[in-house]
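For reference, the structure discussed in these notes is given below.
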Amino acid sequence: MKIKNLLGRKSFYPLLGFITLLVLFLGSSRQIQAFTGAGHDDRLFVNHAISLVQGNWLGSYSQFTLIKGPFYPFFLAINYVLGLPLLLSQQAFYCLSGLALIYALSYFCRDRLVLLLIYTLYVFHPIPFGINRVIREGIYASLTTFVIAGSILMMANLMGKVPQAKVAVTHACLFGISLGCFWLTREEGIWLLPSIGLLISLGLVNQFRQSRDLKVLIKQSRPLILGLLITVMCVVGVAFTNYTHYGVFLARSELVSTEFKAAYGALTRVKSKSWDAYIPVPREVRQQLYSKSGKFRSLQAYLEDPETVKVWSQAGCQFYLSACNDYAGGWFVWVLRDAVASAGYADTAPQALKFYRELATEINGLCDSKQLECLPRRTGTMPPLRVTTLQALPHGIKQGIKMSLRLPNLNLQGQQTSMGDLEGLMLFTKWTRVPASPTISSIECHFNRLEILGWFNRVDGKLQLVGLPKRIVNNGEFFWKTTLPSPDLVKAFNNPKLYRSRFKLDVCCKTCKLALTDKKDKLLKEVDLLQGATHGNGPWGAYHLDSVQKIVPGSNESKLPEPAVIKSGILNWVNVFVYQHLVYYANIFALGIWCLRFILMILRFLPWSIIYGIATSLLVAILIRVTILSLIEATSFPAVNFYYLLPSATLVPIFTLLMLSDFVLLCRRRWSLNS
């Protein structure tokens, strides 16, 4: 049977339905990874959802109320009211965004095989299956795709491909609502605006070239204008609701408010004798400010409290050794807000913003009057850029692109453990309608349970447990590895590629032999973990086990459900065989085609195509996202990871298939001309 017959209308839609049901089936049986004490993330969203369901908006005001966008709590609340399991809802929402995307692409790509392949690679992307926490990343990739789909539909409307008015209004609603929800989810939504602008510009330019009539262009722009108005209504509506409840006209977060950005920018402009990229306001700077600034001095009791320093420095210490006795950048934001609340300046939102405004004015005045040695006036939560920051940026970009193009083993067969007390786990289970996974102490281990901290300085090095297959759970043994940033190793060995060479291992083992191997699994060194902390080196490199701690097994032991093991095993196979190999090489080939086509278009050997324009907009989004995350990683906290890369990484297979489709179509046309 020919492919075009196989993918007729009567078979195309059933195939889409079958793929969707298969994805939902494989994504079921997962458990929520509950972090019940994460008051700035998981627990915050659950608390906000509870308040929404109870009719109390986001609850009473505190320093936590307006720190994150409100759309994800809306999603949680709606999901709870509908009585649906959260992970299933998020997976269905992701599939729905894929359907919206191929619907939008169908205006420019009539090949149903290409559309089916795009949808299949999109919905089977492994990363969404690994997002089991109650965090915004669970829907952020879906919202990104919805916005891209809406932008493509706006381009189609501008080009006159949608003659029906009712359909055009539907497209405008999809675009406007998607962009509004996207904007209200995270604070860095600006990263997608260039791609949206590129798609809309393509539509405007194409229409103007066709009609050469400004009136026609304005007429075709009506759906776009309607969509933007809907977005504005969504954002303004939330801002007005916040104003009625808290007295401030903010839609997303206090962190992007003028007052808070001014205060944080003022704090980070004060110079320090010993500069550290990861500590924006070190103790030395704080001591200077205490002696000069009355506003900042009122925060001293909380900021310098030994217990506060101990708790918050532990968070940054696991990533940056220099932050073990101070506040790292990614956490100082929260410490500062807690200090303001502790000092009694955050009883209401207007009071908090007033304090931040006055703090900024006072510190900037001290800087301008030369009472403090400072950098130029600045605003924002990103620390000042230095030469060392810019030097670290290319490595982060390289890592982000590498992770987006070729997914490493995501260990989808591993059980993601929860953290928290029983009451918190029950709360998460109730409000997500999904069982919470057991805590680390409750995972079954009848052998030796060890926690290991250390480093391995071989760039292509790997760690494995001797006798344990690549599956991280097998016959009662398990092996969890978490990689950590290691700027100290970069400096010690003068090798920027060792940027994430520290590790944390959680293992359950019989013989407890750790194998250090190269990327081809060739054994370099075997280490007996039961001997405790040790180190060694050779022509193959060096390793150091800083600590080997024995963990006493918990009494409430639990196993990963067998259906989940089977389903995640299938997904793991798809990841390894399809995405790590087939899709990876296709990604490289597609990038080569894009570059070659760009050069040939500049030289006017090839014409412009809409498919190429859409693919370019996706590439722009991917590169901007990776660059922003790399900048955050170089200045504040580890950001080049799968959680944050998810919304751009899922666009990579779409870019690849669009470029391959464009290449095949171009070859066909050339072949026809030659014939």
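Cβ from N, Cα, C; glycine included.
Annotated range for transmembrane segment in TrEMBL, selecting from 139-160, 315-336: 139-160.
Transmembrane segment is the annotation TrEMBL gives to one range among 91-109, 167-185, and that range is 167-185.
Residues 191-208 are the range that TrEMBL records as transmembrane segment, among 11-28, 65-82, 191-208.
Under 8 Å from some Cβ of the transmembrane segment (644-667) lie the Cβ atoms of residues 101, 105, 109, 111, 114, 117-118, 121-122, 125, 127-128, 131, 137, 140-141, 143-145, 148, 400, 403-405, 407, 583, 586-587, 589-591, 593-594, 597, 606, 609, 611-612, 614-615, 618-619, 621-622, 625-626, 629, all in the same chain and six or more residues away from its ends. Sequence-distant contacts of the transmembrane segment (610-632), counting only residues of its own chain at least 6 positions beyond either end whose CB sits under 8 Å from a CB of the stretch, comprise 105, 108-109, 144, 148, 151-152, 155, 188, 191-192, 194-196, 198-199, 202, 206, 382, 389, 393, 395-397, 399-401, 404, 594, 597, 601, 639-640, 644-645, 647-649, 651-652, 654-655, 658-659, 661-662, 665.
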